[in-house]
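Encoded as structure tokens, the structure appears first; notes follow it.
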Amino acid sequence: MVTGGPDDLVGATDPSGPTTVARSVDGVDVPRARAAVRELLLAVGEDPDREGLRDTPDRVARAYAETFAGLRQDPTQVLSASFDIGHEEMVLVKDIEVYSTCEHHLVPFHGVAHVGYIPGPDGRVTGLSKLARLVDVYARRPQVQERLTAQVADALVAALAPRGAIVVVECEHLCMSMRGVRKPGSRTVTSAVRGQMRDSATRAEAMSLIIGR
Ligand SMILES: Nc1nc2c(ncn2[C@@H]2O[C@H](COP(=O)(O)OP(=O)(O)OP(=O)(O)O)[C@@H](O)[C@H]2O)c(=O)[nH]1
Ligand SMILES: [Zn+2]
């Protein structure tokens with residue numbers, strides 16, 4: 001897994017950016033991203049050389065490296081730290097903040113995720129923070145909410161072999177708020193339910209824990 005920081009710094013001079021140019025940040029080809037952002041600014045009728053925009057292609061390239069860092073992260077590594085505490089009842093972490101990017105418009109969608117599971121017969125659990133990290137791995141990619149929800153549930157099942165798992169994601173999509181149909185405040189709710197969590201009583205228990213604020 002790649003962590004933060006420039007992978008390679010060269011002292012090159014670029015007419016559209018700062019003197020020291022990061023060639024690659026977290027695996028993102030920065031010169032290429034810079035050139036693309038500059039083109040976009042030109043395409044919408046802006047002047048990328050005016051003072052306020054001069055460093056924008058570089059900033060956006062670095063911001064994208066962070067926004068899409070999940071493309072280069074391995075969810076199995078995130079969940080590798082599991083431990084046996086003999087707990088066989090439901091574990092649920094709710095209201096995990098989600099910031100992701102709609103793959104159709106490349107604008108954010110944001111909200112919360114609730115991630116729960118029932119450990120397998122071995123009582124193996126993972127660290128609570130790892131559930132939030134798992135959400136981030138899949139959120140920091142160009143995404144649709146349904147896939148994000150299913151990927152988190154499936155990664156949990158693959159790594160922990162739990163009896164059951166549930167993931168509920170509630171997000172507002174800025175592509176529906178700030179443009180397009182322009183319906184600010186609408187929230188999309190998606191769920192992925194696996195294994196014993198599909199049983200109606202268990203599912204109802206999980207949902208009541210999620211809904212009960
Ligand atoms: N199912 C699903 N749809 C999404 C998600 N994010 C955005 N969308 C939708 O993707 C659709 C793309 O529709 P298109 O007709 O191809 O694009 P568009 O002309 O920009 O559509 P409008 O947003 O309606 O203006 C829109 O209906 C969006 O609301 C998501 O996570 N899941
Ligand atoms: Zn969108």
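Heads up, the Cβ atoms here are built off N, Cα and C, so glycines get one too.
For the ranges 1-22, 67-88, 111-132, the feature annotated in TrEMBL as region 'Disordered' maps to 1-22.
In the three-state DSSP classification, Cys175 (Zn(2+) binding site) falls within a helix. The Cβ of Cys102 (Zn(2+) binding site) lies under 8 Å from the Cβ of Pro108, Phe109, Pro142, Gln143, Val144, His173, Leu174, Cys175, each on the same chain and at least six residues away in sequence.
In the shown protein chains, 16 other C-beta atoms lie within 10 A of the C-beta of His105 (Zn(2+) binding site). Averaged over the domain 'GTP cyclohydrolase I' (34-210), the predicted model has a pLDDT of 96. Excluding Cys102, His105, Cys175, which define the Zn(2+) site, the same chain contributes Thr101, Glu103, His104, Leu106, Val107, Phe109, His173, Leu174, Met176, Arg179, Gly180 within 8 Å (Cβ to the Cβ centroid), listed in sequence order.
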